[in-house]
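These come from Swiss-Prot:
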COILED    51-149  coiled coil
COILED    185-695  coiled coil
CROSSLNK  Lys318  ubiquitin cross-link
CROSSLNK  Lys661  ubiquitin cross-link
MOD_RES   Ser764  phosphoserine
MOD_RES   Ser787  phosphoserine
REGION    801-997  region 'Disordered'
MOD_RES   Ser825  phosphoserine
MOD_RES   Ser843  phosphoserine
COMPBIAS  854-868  compositional bias 'Basic residues'
MOD_RES   Ser910  phosphoserine
REGION    1020-1077  region 'Disordered'
COMPBIAS  1045-1066  compositional bias 'Acidic residues'
Amino acid sequence: MFTPQRNRWPETDRKGKAIAFSDEIITPPPQRVLLREDDDWQKFKEVGLLDEASLERKDRDALIEKILKLEKELFDYQHNMGLLLIEKKQWTSTNNELQQAYDEAMEMLKREKTSNAITLNEADKREENLRKALIDEKQFVAELENDLKYWQREHSVVKSTSEAKLEEANALVIGMKEKALEVDRERAIAEEKFSVMNRKSSELERKLKEVETREKVHQREHLSLVTEREAHEAVFYKQREDLQEWEKKLTLEEDRLSEVKRSINHREERVMENERTIEKKEKILENLQQKISVAKSELTEKEESIKIKLNDISLKEKDFEAMKAKVDIKEKELHEFEENLIEREQMEIGKLLDDQKAVLDSRRREFEMELEQMRRSLDEELEGKKAEIEQLQVEISHKEEKLAKREAALEKKEEGVKKKEKDLDARLKTVKEKEKALKAEEKKLHMENERLLEDKECLRKLKDEIEEIGTETTKQESRIREEHESLRITKEERVEFLRLQSELKQQIDKVKQEEELLLKEREELKQDKERFEKEWEALDKKRANITREQNEVAEENEKLRNLQISEKHRLKREEMTSRDNLKRELDGVKMQKESFEADMEDLEMQKRNLDMEFQRQEEAGERDFNERARTYEKRSQEELDNINYTKKLAQREMEEMQYEKLALEREREQISVRKKLLKEQEAEMHKDITELDVLRSSLKEKRKEFICERERFLVFLEKLKSCSSCGEITENFVLSDLRLPDVEDGDKRFGKQKLKAEEALNISPSAENSKRTSLLGKIASKLLSISPIGKTDKVTDLGITVKLPESSQPDDSLDRVSGEDHEPSATEQSFTDSRIQEGPEGSLQSEMKSDKPRRGRGRGRGRGKSVRGRSQATKAVSRDSKPSDGETPRKRQREQTSRITESEQAAGDSDEGVDSITTGGRRKKRQIAVPVSQTPGQTRYQLRRHRNVGTEEDKAQASKGATEKQERVNDDIRKVPSPKETRTPPEGENRENGKAEVLVETVTHEEIVTVETETVFKVNNTGKNPVEDPQLEVGGSGEIREHGEEDDENISMIEEENEGEEEEETERQGNDASIGKKIWVFFTT
């Protein structure tokens, strides 16, 4: 309980959270009576409860530190709020952009669906007309169907396995640290394997050089086949009319297919962009979750710190209460001590007075008895004086009793005041509103204290009066003594009187000394009381300060609790908002995924429809399909076994994940390199467009010259009619076939083609980075390249021959797809002139394709191919070998007829081919299987994603080759020759002046690449006479190329040795046997 608050306690100094006390106030040392309380006073000094300045200073420092900490926390919260608002704005903007992109994608999908429905209806109408063309295409389509199904199955399996792997990877992340050393070792092993792969690439280059030597051997053999080709060219003229009709239909189909390809490419690009944005969002969501977890951890730490502070405050409060209890106990002890002192004073004063009275009475009686006889008069006076003295003593005793009563009343009042103080303390703790009443009571107590002080002053005055009475008694005694001296007394009486006087003096001195001692003790007690009252007032002040601090601490605690509650609510709101945003974004992502899956399902439905159409025409190729299905089933079973085995081995899967990460990094580097190449290719495409403009202007002039050449050719035909051997062939010509199309029609078609090229430049090349785009591009390009109708659209009749760089010729000879079986002669010049605009574009596409470094693309990553690749290769050879063995004699006849007239009409071809290259340049191989309506970024500039990026030296060689090619094209401008000079030279001249370039057909256990040969003769730089191999039927080279790319990931050294042995066998048989026999030998091996 507290004492009354007379004055507030002084504030104590604080150091941090604890309370430190100083001992600056020097209390006066207690007297003899308070020696036992010395320890208590020393404890007060040590604790520092009496130091006001230090307590105030420490409280201020502690409060300032708290305020600074709270301000810092507020600034941090404000900063975090600002960051969260900025992030929210960014997310809203990104969400709007994604919504816009999604709406655009849905609109495009609707448009594409309608266009696809229209194209399907038209395709149903033209189904009867296209059955003949689809006989050669259905084999490739069947393989593509199997590929698509296989990829779909692989996609589903990969999805399931990827999900399982992700779950297992999340479980195995904990053990990643332990496996870091093993990963480093495996890196070293991978580097060793990389060195081995480099060594193998050097071996492949050596083998490519050997292939070049084989090409030379096949060129020599090709000269022997020229005569056979002339016989086949006659059959070609009969098919010309059918091809013209097919061409008109296929041009429309090609345009529509090109539009479908572009739409598919756009769609796939958007899908890839959506996937990338989804990945970025997932990363951002992970970062946000990490930030939220960090903020939660910080909040938990702050809560713990606040709890610690509250615990410290509670401990301090307990210590303060204990100190209060000690102070109350000491106050009670002091009150008891004061009461004991007062009682002792009263007892001693009473005893002294009684003793003095008794002594004085006895002595006075004796003195009176002795003096009665001598001095009766004096006795009477003395008795009167004694009576007066007794009255005075009675009055003094009455006054002392009154003083004792007053002191008892004051003590009672003090006890009542203490009780009131206790009540007030209880009321202060319970009710704050009663502070005013307590202040009023405190004023009353102050008044009562003042009254007590006034009573004490009255007691002092009474004591002064007692002293005055004592002085008067001494004076009266002196008077009595004088009167006694005045009396005549005998000597004995004088002696006795003197003795009595001395005794009285001694007794009076003793009484005075005792009174002085009592006065001194009273003064000391008064001083002690004053000191105690001062200390009590100081304690009251400190108590008031402590109560004020407690109130402030309670307010601060309430504020902190309110802040905590508000911050918790705010964090909960932010968490709710962030969760809502995350849910919305996840819903958006799910919607995008669902839309993407719906798009894929639509594409799959379209593919299934196409599959149903193509399955009607699969009766002829069931055997090949069954064999390949068996091989695919075996391979799928093996892969399923491998997958089950890999599931059991979690460590290997983690290693594969790491290797995949490295591969992704390499792919990123490849993508950066490809972007640079695409920029260069865009610049080249702009240059090509300008060149096409120049070519268009030059072709107008050349058509006029070609009309003159046509007239010369007609004169030449009239001369040949007289010949017995050539008359029948020349009679089949129709003059209407040699009509040239109008120049305006050519200009219009050239303008359309130019617009297509410009649109191709604006399409972003990111779609070529995905495997899906490459597959779709392969499907479209091969459908056009394999069909016999599309073969008439090639621009090889222009005679553009540009020699490839030496570094890329072997690769092109192995990788390039042979897309045509014949070389159109000059008699079908009217047919080729209608499409003469498409020639430069195709030539430039073949140039860019030949300039790409492809070393290690089909064979660099490993000669070991899977069973699936082998079966496809062998089937392609079987298809190629059938027409060479005589199953398609009609084609052979056509090639012979075309070969007869080709040498006769070479002048027109050479003239037109030379003029078509306005920029000049060296001649190159004939364009092979390059459709005019190509999708941008597919095969024209070789924008397809490479499996392995070439070194910097290969890139430098490729760029150098491109620049050299451009310089050669700018320097070569040829003259118009006469028809006579274009005849086929003899065999010796062909070997000396001409150049025979042969694409070698190589057959291994893994793949078969059939290549079309072509001989280009130069006669005094005035013309060329291309001669084509009639026995090479091209139907599956594109398939083998693609399957080679798909299956070149499995490396086996055993199959590499088998391939080397088979190449040696081809070299042995190359000089003796024909191409058909070689194919049969390779097929049997």
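The chain as shown is numbered from 1 upward.
Cβ atoms are placed via backbone N, Cα and C, with glycine included.
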Lys318 (ubiquitin cross-link) to Lys661 (ubiquitin cross-link) - Cα separation in whole Å: 63
Taken over the coiled coil (185-695), the model's mean pLDDT: 77
Around the Cβ of Lys318 (ubiquitin cross-link), the count of other Cβ atoms that are within 10 Å: 10
Neighbouring C-beta atoms (10 Å sphere around the C-beta of Lys661 (ubiquitin cross-link)): 10
